[in-house]
Amino acid sequence: MSSLLLFNDKSRALQADIVAVQSQVVYGSVGNSIAVPAIKQNGLNVFAVPTVLLSNTPHYDTFYGGAIPDEWFSGYLRALQERDALRQLRAVTTGYMGTASQIKILAEWLTALRKDHPDLLIMVDPVIGDIDSGIYVKPDLPEAYRQYLLPLAQGITPNIFELEILTGKNCRDLDSAIAAAKSLLSDTLKWVVVTSASGNEENQEMQVVVVTADSVNVISHSRVKTDLKGTGDLFCAQLISGLLKGKALTDAVHRAGLRVLEVMRYTQQHESDELILPPLAEA
């Protein structure tokens, strides 16, 4: 069999459960650099589509790289269909986006993809900023999220600051955060998981709030003092994995939070500045 024939036999195409669209670093454990191994640990196949390719996070004293050009980004997405690699696709997740134009390109691709995958789960982590840093993405990204990705998503995972930006509402207490999250729900957007919600500082707790049209569940976890980056990306990877493995939403959120805490403690024990996934035997 010739190599040309071999690589054009689409029945042999590698398939994935998840397409993960977000940042990638050469050194470190953020974006797809932590999400992909975490998803694979859960026994799921994943294709990683980079939005930015960086040497490392900008917290180090040297930093190189930038956003993937639109032509490349759209080509990465198109190639997955050209390779016929999406027959078994179950979910698409998004994290850090490099430009507003990438968000528009992704939304157009998702809209077309849904025609062949009407049950596709689209989970958006609207990475915009946080309370400590403010907005740390380009200023036109929040509106691009509102206009293009939120109307397509079944679930989103904003932190408190991002929830405020997306809704224009003050969310510094639990009731206001819940109200803001409910204001985003629609026929398409079924749930909002608010990370880093107000917790009990005295008891060293943080809260994650799971909001649907019918219920609100508040999950408390121990607060770990750390500057580790990528914990949100890991949380989303664990969450989507749990959902695809059949866990109910609140249970999947709870388990994802516990796994993040486990990874953070393991990383601290190994005195690393970058997240380290424990082997499955220790998970």
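Here the Cβ of each residue, glycine as well, is placed from N, Cα and C on the backbone.
Annotation source Swiss-Prot lists substrate binding site at Ser23, His59, Asp233, citing experimental evidence. Under the heading ATP binding site, Swiss-Prot lists Asp125, Thr157, Glu162, Thr195, His221, Ser222, Arg223, Val224, Thr231, citing experimental evidence as support. The Mg(2+) binding site feature in Swiss-Prot is assigned to Tyr136, Glu162.
Sequence features annotated in Swiss-Prot and their locations in the structure.
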{"residue": "Ser23", "record": "substrate binding site", "CB count, 10 Å": "26"}
{"residue": "His59", "record": "substrate binding site", "CB count, 10 Å": "10"}
{"residue": "Asp125", "record": "ATP binding site", "CB count, 10 Å": "28"}
{"residue": "Tyr136", "record": "Mg(2+) binding site", "CB count, 10 Å": "12"}
{"residue": "Glu162", "record": "ATP binding site", "CB count, 10 Å": "25"}
{"residue": "His221", "record": "ATP binding site", "CB count, 10 Å": "16"}
{"residue": "Arg223", "record": "ATP binding site", "CB count, 10 Å": "16"}
{"residue": "Thr231", "record": "ATP binding site", "CB count, 10 Å": "22"}
{"residue": "Asp233", "record": "substrate binding site", "CB count, 10 Å": "28"}
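The maximum pairwise C-alpha distance among Ser23, His59, Asp233, the residues recorded as binding substrate, is 17 Å. Excluding Ser23, His59, Asp233, which define the substrate site, the same chain contributes Val25, Gly28, Val30, Gly31, Ser33, Leu54, Thr57, Tyr96, Lys229, Gly230 within 8 Å (Cβ to the Cβ centroid), listed in sequence order. Here the Cα atom of Tyr136 (Mg(2+) binding site) is found 16 Å from that of Asp233 (substrate binding site). The closest partner of Asp233 (substrate binding site) among the binding-site residues, by CA position, is Asp125; the full candidate set was Asp125, Glu162, His221, Arg223. Here Ser23 (substrate binding site) is positioned 26 angstrom away from Arg223 (ATP binding site), judged by their C-alpha atoms. Cα spacing between Thr231 (ATP binding site) and Ser23 (substrate binding site): 14 Å, rounded to the nearest whole number. The two recorded residues Asp125 (ATP binding site) and His59 (substrate binding site) have their Cα atoms spaced 21 Å from each other. Taking CA atoms as the reference points, His221 (ATP binding site) and His59 (substrate binding site) are 26 Å apart.
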